[in-house]
Amino acid sequence: MENGRYVNSFNSQYTSSGWMSVLKWKITTRSNVQLPDKKEELDKLLPIIQHWKREDLNRTIPGLRFIWIGHASCFIQMNNFRFLVDPVFSERCGMYSRVGPKRFRPPALTVNNLPDDLDAIFITHNHYDHLDYLSVKDLNNRYGEQLTWFCGRGVRESLSDMYVKNIIELDWWEEYFFLKKEINIAFCPAQHWSRRGLFDTNKSLWGGFAIWDNTYKVYLAGDTGYTHNISIFRQIGQKYGPFDLSAIPIGAYEPKSIMKNQHVSPDEAVQIHKDVQSKKSIGIHWGTWVMSNEYFMEPPKNLKQALQNNHLDPTSFIVLKHGEILDLPE
């Protein structure tokens, strides 16, 4: 931390893009997103598998279950431990309910669809596409103090303002034993930044999570750029890997002049997959909101090519349909 603000201390060359760069992109750059106007075409390209019965979500035998809700939001079950990652169910992600990017794909789950025995929520950082007031409010209204919320240092203030209880704040490399479910949790470094208002840039910490019990290890990368000068991801793999399952972002990487330090491309996502020693990875952070300039279906296409370039099994790093259930072992 420097002058009361968190920094990407492992990368002395890290720089963030200012408002003028973003404004110039928005005004002068032609959009490559090519989002279809018709819902029927979107349904064909990005189908939604919705689950209306809560009991359908629970895995009844030991193992891992992963459901991609959309963007960075996921439901994961590790044996008898059930949790959400960066749950956002709102129509828009922004400071207010009518401001910010609008979904072009609805969430595959709603708060009412979730199982009754949800244990925890993991928040990787405080950006609006990862921490949403209305979603937190709805989760809090349904579950109350049944939930334990895990986050980086400084995020407690935002969660407390949303009347959340049972908050565990962690620093990079800090570990916590969740006695209630006998689960180990570590907050891992990522190259990113934080902000919810005009004057709180980097006042809270961003990162990912390693989560493990006696049988499985899961890695949640969070939002991140790739650290070329020193691979924090190799360090994560050496300290906590190999991982049975990882959720790694693959979208929102164009234009590179703005996004390269904060979001990875599919090629860099594959490098993270290798660095952390992930046996199976899921590509997230795409296909939900228009937040960047690449063609909206490009991330999975480029992911497939990156795996081929690295001579990796194409089933080792995949994308799921919204709401699709992945069970390990299958």
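Backbone N, Cα and C atoms are what each Cβ position is placed from, and that goes for glycine too.
Per TrEMBL, these features apply:
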DOMAIN    82-286  domain 'Metallo-beta-lactamase'
BINDING   H125, H127, H192, D223  Zn(2+) 1 binding site
BINDING   D129, H130, D223, H285  Zn(2+) 2 binding site
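Mapped onto this structure are the features recorded in TrEMBL.
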residue: H125; record: Zn(2+) 1 binding site; CB count, 10 Å: 27
residue: H127; record: Zn(2+) 1 binding site; CB count, 10 Å: 19
residue: D129; record: Zn(2+) 2 binding site; CB count, 10 Å: 23
residue: H130; record: Zn(2+) 2 binding site; CB count, 10 Å: 22
residue: H192; record: Zn(2+) 1 binding site; CB count, 10 Å: 24
residue: D223; record: Zn(2+) 1 binding site; CB count, 10 Å: 25
residue: H285; record: Zn(2+) 2 binding site; CB count, 10 Å: 30
> Do you know offhand how many angstrom separate H192 (Zn(2+) 1 binding site) and H130 (Zn(2+) 2 binding site) by C-alpha?
Replying inline: 13
>> List the residues in the vicinity of the Zn(2+) 1 site, defined as same-chain residues other than H125, H127, H192, D223 with C-beta within 8 angstroms of the site's C-beta centre.
In response: T124, N126, H130, A190, W193, S194, W206, G222, T224, Q262
